[in-house]
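Here's the structure, in structure tokens; my notes come after.
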Amino acid sequence: MIDYKNTLNLPKTQFAMRGNLAIREPIMLKRWHQQDLYQLICQATQGKKTFFLHDGPPYANGSIHIGHSVNKILKDIIIKSKRLMGYCSPYIPGWDCHGLPIELKVEQLIGKPGKKVSASEFIIACRNYASEQVTWQKKDFIRLGVLGDWDNIYRTMDFHTEANIIRTLSKIIENGHVYQGNKPVHWCIDCRSALAEAEVEYYDYTSPSIYVIFAATNTHDVAARFGIPNVLSSISFLVWTTTPWTIPANRAISIHPNLNYQLVKVNQQGFILAADLVTSVLTYLGIQNWTVVKNIKGYVLELLRFSHPFMKFDVPVVLSNHVTINVGTGVVHTSPSHGPDDYLIGREYNLEIVNIVGPDGCYLPGTFSLLDGTSVYQSNQTVISLLKDRGALLHTGTIQHSYPHCWRHKTPLIFRATPQWFISMDKKKLRQQSLKEIKKIQWIPSNSQASITNMVNNRQDWCISRQRIWGVPMSLFVHNHTKKLHPQTSEIMEYVAKQVEKKGIQAWWDLDPIKILGDDIVNYSKINDILDVWFDSGSTHSSVINAQTEFANHEIDMYLEGADQHRGWFMSSLISSTAIKGKAPYKTVITHGFAVDSNGRKMSKSIGNVVSPQQVVDKLGADILRLWVASTNYTDDMTISDEILKRSVDTYRRIRNTARFLLANLNGFEPKQHSVSIDKMIILDQWAIDRAQVAQDEIIAAYNSYEFHSVVQRIMQFCSVEMGSFYLDIIKDRQYTTQYNSIARRSCQTALFHIIEAMVRWIAPIISFTADEIWGFIPGKRSPSVFIEEWYKNLSRLDAEQHMNDTYWNTLLQVRSDVNYLIEQARIKKNIGSSLETQVTLYSEPILAMQLRQLGNELHFVLLTSAVQIADYQEADNNALQSTRIKGLKITLNHATGRKCQRCWHYEQDIGNNTQYPEICGRCVINIAGNGEERKFV
């Protein structure tokens with residue numbers, strides 16, 4: 001028997017079936033580096049319209065985690081898709097390099113700055129440590145396939161950036177937004193530092209819950225305000241608090257001016273509390289018998305004096321709208337140095353703002369003899385005992401509530417009043433302008449707008465000063481008596497900035513003030529506070545972007561970070577930019593969720609559910625991680641697990657196998673020489689190109705709306721349904737069996753060529769390594785990289801007016817699906833092996849029958865059967881299957897008649913008619929020895 005294998009056009013390609021990504025990707029990265037791929041991209045896109053995504057700098061400490069990977073991959077997908085859309089879209093990666101975590105790491109390595117380690121040595125060690133961390137993180141980001149200007153990254157510790165941060169502060173000072181105040185701020189005892197709002201996390205915490213008596217200094221005055229005779233032995237306010245340790249700093253009692261307050265009589269004692277809470281509070285305290293004496297509005301009691309429970313002074317009653325009746329007694333113990341609301345009341349009433357707590361969280365000497373030098377948290381019980389001994393404690397218990405904690409140490413915070421520098425949110429209407437700017441921005445997801453609006457509405461003034469070493473110096477001089485800034489502050493800060501450009505922040509510490517101030521030095525003090533690291537990163541729109549030539553005279557289009565950055569980088573950038581130029585620094589803000597495990601829990605070493613991006617990449621390849629990111633709706637928390645990654649692997653295989661089939665069937669195809677014009681192509685091939693055009697339009701729309709999971713879904717639909725389950729199955733016979741150079745085969749190859757040209761671009765932003773690999777196997781002359789291409793422009797739509805339009809082929813898809821069902825049932829029953837062992841009868845209503853007959857004897861190629869007959873719908877017997885998709889269609893399936901062709905495997909009646917080729921059908925004989933078969937439709 002003749003071996004007919006050599007007469008077939010079997011698929012052939014060097015493009016491997018298996019990705020072996022963990023091995024191949026590093027090789028590709030090496031080639032990208034040798035190509036200087038990023039510069040090739042910049043050259044190719046020079047002069048085009050611009051799209052700028054500004055990289056929010058990750059902190060230069062520790063290995064990258066899965067959240068970092070999500071962030072960088074999303075940015076890379078956007079930038080690569082924008083280049084496909086014809087944009088010049090440079091990407092400058094950055095790092096946040098100053099701050100306490102690095103200081104603490106360096107302290108562990110060399111000790112604290114002091115006697116053994118000088119400040120300059122410590123700064124050098126911090127800089128070296130941060131540089132080392134950046135190097136490692138950069139390597140990991142590059143491994144993810146992120147294309148950027150890795151040779152020209154920005155770091156907030158770069159000398160020129162440090163200088164520009166000083167200049168940014170100078171502009172904000174010039175615009176009148178900065179002031180110094182002795183104001184309570186979140187303070188971490190372990191950090192020995194003030195914390196920014198973005199560095200505060202909230203956890204459940206158990207605190208003391210106590211009810212304290214503040215007795216009136218003059219019961220006659222209080223009774224008079226209530227309009228009653230002075231018949232009670234005492235009158236006291238009943239105060240509830242969860243921070244007994246702050247009572248030594250109490251300087252007032254706050255009540256709401258418009259709430260009703262009742263004086264109630266218990267035995268011969270009078271207690272004042274909010275009228276709405278009397279019953280619930282007294283019942284809770286175990287007081288069964290009381291009498292309501294009088295009810296009045298809070299404002300009537302303003303400025304009455306009440307004795308501090310154990311200190312030798314009295315305090316006033318003050319009015320405040322922040323007092324509520326949600327919890328407590330409607331009467332608030334007020335310590336202006338230990339709470340933001342208390343501080344504001346203190347300023348309004350000119351109360352003493354006394355700092356009783358040191359940086360270590362211990363009471364300062366002179367606070368109270370029993371408390372001096374003890375930890376505030378350990379002293380809660382001491383204060384409670386003091387209150388009890390003085391008869392000022394009515395009840396003690398505990399309460400579990402949400403409480404601020406340090407994001408680094410996970411330990412509870414205190415509010416502590418220290419001299420700090422602030423950006424005022426209201427002095428120059430910065431809050432009002434920021435809220436206006438928020439409305440102009442595109443927020444993705446849209447509910448982000450409400451989140452940041454609420455945060456801006458409720459945030460306190462921004463404490464921008466820190467009492468540390470490793471950071472950008474504020475570069476200020478303050479008058480010793482007036483405490484005002486030097487009148488030439490702008491000029492001084494510019495001088496310092498120029499010195500910092502040469503020597504870094506060490507220039508400030510080395511600076512001799514006399515060189516700047518001359519004889520005026522006796523009147524001014526050098527401020528050695530450094531800036532909050534959130535000011536560093538939040539001002540990069542000014543300190544970095546304005547200094548980058550790539551971004552010259554262009555606004556930033558997009559910021560993209562995790563959901564926690566609403567109160568972090570998005571917030572600090574918004575405030576600093578609005579303070580400088582009255583407008584937001586970005587046009588669009590995208591927020592992504594956190595990576596969580598299959599149970600919805602955040603990644604945690606203690607839980608043991610951490611998914612390491614390095615391990616995923618080393619095992620599965622970066623493209624699998626990238627595909628997981630793109631496949632997940634990033635606007636919510638993103639679930640990752642071994643099972644989910646397996647699904648990404650399955651998705652990847654489908655895409656890769658589709659690409660491999662296309663490439664393998666382009667064997668021997670040279671586009672310039674063999675391409676068939678669209679009007680001469682077989683109709684099914686025109687339809688395939690039409691489907692690719694429709695898919696591309698939808699994919700581009702999804703990229704434009706940043707819905708990458710929709711991109712993946714549409715690519716999968718195209719590969720699995722339109723191609724894999726229909727077109728690619730059908731064309732195998734024509735591709736393999738028709739003559740090598742026939743129009744029938746070249747038409748098909750032309751379609752496959754156009755499809756792979758389009759498809760490689762669709763996947764390039766997501767599975768970048770695989771797209772790059774495919775690019776090298778597509779026939780024809782081409783540019784050095786898919787990443788300098790734009791969307792493929794040689795697709796086309798079918799003419800909707802022609803009879804074999806989309807609607808026609810959709811009908812055939814439905815018919816084929818029903819036939820496939822019958823074939824699959826026959827396979828399950830083991831009645832057949834291959835679909836080519838069958839012939840099918842389609843009992844059709846007249847209109848459908850007419851449509852089916854349009855394909856003539858090519859219809860059976862669509863159905864993958866050896867034969868097909870079309871009969872009248874009414875002739876169908878009870879054995880025919882009623883189509884579930886088309887009302888006017890019933891189907892029967894039978895064994896094909898004839899013998900099996902050893903070449904095409906169809907069952908035909910004419911096998912053996914040709915004595916030279918007795919094992920094959922007449923169609924195959926024509927394709928081997930004749931002029932070749934003709935195809936019009938399929």
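Note that Cβ sites are derived from N, Cα and C of the backbone, with glycine treated the same way.
Since the structure is predicted, the reported quantities are computational estimates derived from the model, not experimental observations.
As recorded in Swiss-Prot, the features of this protein are as follows:
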- 58-68: motif ''HIGH' region' (MOTIF)
- E561: L-isoleucyl-5'-AMP binding site (BINDING)
- 602-606: motif ''KMSKS' region' (MOTIF)
- K605: ATP binding site (BINDING)
- C901, C904, C921, C924: Zn(2+) binding site (BINDING)
DSSP three-state assignment (helix, strand or coil) for C904 (Zn(2+) binding site): coil
Same-chain residue ranges lying at least 6 outside the motif ''HIGH' region' (58-68) that approach it to Cβ under 8 Å: 95-97, 99, 101-102, 105, 130, 133-134, 136-137, 140-141, 155, 562, 594-595, 603, 610-614, 640
Listed in sequence order, residues with CB under 8 A of C901 (Zn(2+) binding site) and six or more positions away: Y907, E908, I911, E919, I920, C921, R923, C924
Remaining residues near the recorded Zn(2+) site, that is with C-beta within 8 Å of the centroid of the site residues C901, C904, C921, C924: T737, Q902, R903, W905, H906, E908, I911, I920, G922, R923, V925
Sequence-distant neighbours of C904 (Zn(2+) binding site) in its chain (C-beta under 8 A, six or more apart): D733, Y736, T737, I920, C921, R923, C924
Cα separation, E561 (L-isoleucyl-5'-AMP binding site) to K605 (ATP binding site) (Å, whole number): 23
Packing count at C921 (Zn(2+) binding site) (other Cβ atoms within 10 Å of its Cβ): 28
For the residue listed as 'ATP binding site', the number of other Cβ atoms found within 10 Å of its own Cβ: 7
Long-range Cβ environment of E561 (L-isoleucyl-5'-AMP binding site), under 8 Å and at least 6 residues apart: G56, N71, G568, W569, F570, T591, H592
Count of other CB atoms lying within 10 Å of the CB belonging to C924 (Zn(2+) binding site): 27
K605 (ATP binding site): secondary structure state under DSSP, collapsed to three categories: coil
For the motif ''HIGH' region' (58-68), the number of residues DSSP places in helix, strand and coil: 3 helix, 1 strand, 7 coil
